[in-house]
Each structure stands twice: as structure tokens, then as C-alpha cells.
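Single-structure report; data block below.
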Amino acid sequence: MTIRYPNGKRYNQASQPHKTPIKKHTYSNRGMSLEEELNETNEYYLTHNIACVHKKPTPLQIVKVDYPARSAAVVKEAYFKQPSTTDYNGVYKGKYIDFEAKETKNKTSFPLQNFHLHQIEHMKQVIAHNGIAFVIIKFTLFDELYLLDAKHIIAFWNRQNTGGRKSITKEEIEEHGSLLSCGYHPRIDYIRVLDTVYFS
């Protein structure tokens, strides 16, 4: 299936080179992607009436469909209807929360090219309306996750735009962010960090 961005440029995930590292299968991980772990965490929060957080769907405009059989349809070409904002949003303790989840295989830094301008602008708007915006960053080689407030992401983005480094060092993430604990249920207990950072 061909998927295109709103500007017509073709989306080709397979063309992005990547090495598949040997994953540590720990009690908290067992080979799941960050998105799968967060989806499971959010399901736990919802089921236990802790928070209501959902993954935002990616809106697609289907352009070409083949019907190899009467009962089957195969989408051959589609476009992203609009640039996506962030991955997740919801409500916790009466506050709107909005966040992006990112993974990196880098050992010492997180590249800012993993963000897009419209995502940064979206996080600015959430903050301007007294919402809570943050990013969950996973260093896959260390199996470490950090919650970093959007104000820091915005500051690092601005630093990049004024000739500064094009990445956030792991040390900066450790200094400004909060290490997330992983377990069985919930998998990634980011609500505990929200309580400490935003509600204490």
C-alpha cells in the first residue's frame, strides 16, 4: 500500500535504514514496542479508573482499493490527511494531558529530527491552554525510559534553531527528565511521575 503525506511526498518507512538490536527480554519488556507498552498501560489506567488516555488515530485518505474477491478489499494507496500532532491525549485528575512517545537506538543523545515543527507548535498550544504536555523517550539499548516536560523539548528545539546542537544529550534528559519505572501492571507507570512533577 502506498501512503503519501499531504504535500504528495511518498511515505516509505522501509527506506529508513535501521539495525535490529538484540533486545533484552526483561520482566517489563518481553520484546514489546514502546507504543504497545503504552497502549497496555493506558488500558490498565482506564480499566482501573485511574486516567482516560488514548492513542490518537492517524487520519488516512484512501485513494486506491483493489477487490481481489467479493469479500476482500486491499488498500493499495492512501494519503495522510493532515500532519499528525502527538501520539496520545486524555484526562488525568481533571487536567488535559498530551504526549508524544519516541524511541532511539542512540547511546548518548536523542536527535531532534525525530520531532516535526507542527508537533512542537502543538505542544506549545497545549501549554498555553494550561494543559500538560510531555514526551516519553526510550533509550532502547539501555531499556531506559524518561518523561520530559514539553517546555524542555521546546527549549532544546529553540537552541537547535539558533545554531545549537541538533540533539538532546542523555545527560540533559537525565537532568531535566524523570526516569520511569517499568513493571507488569502497569507496564510503564508514567502516572506516578505525573503525580510528582505536576500534582505535588
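Cβ atoms here come from the backbone N, Cα and C positions, even for glycine.
What Swiss-Prot says about this protein:
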BINDING   T85, D87, E100, Q119  Mg(2+) binding site
REGION    1-25  region 'Disordered'
SITE      K102  site 'Transition state stabilizer'
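Positions of Swiss-Prot features highlighted on the structure.
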residue : record                             : contacts (Cβ under 8 Å, 6+ apart)
T85     : Mg(2+) binding site                : K56, D98, H118, Q119, H122
D87     : Mg(2+) binding site                : E35, L38, K55, K56, F99, E100, A101
K102    : site 'Transition state stabilizer' : L34, F110, N114, F115, V135, I136, I137, K138
In which DSSP state, out of helix, strand and coil, do we find K102 (site 'Transition state stabilizer')?
strand
For E100 (Mg(2+) binding site), the number of other Cβ atoms found within 10 Å of its own Cβ:
23
T85, D87, E100, Q119 excluded, remaining Cβ within 8 Å of their centroid (Mg(2+)):
K56, S84, T86, Y88, D98, F99, H122, M123
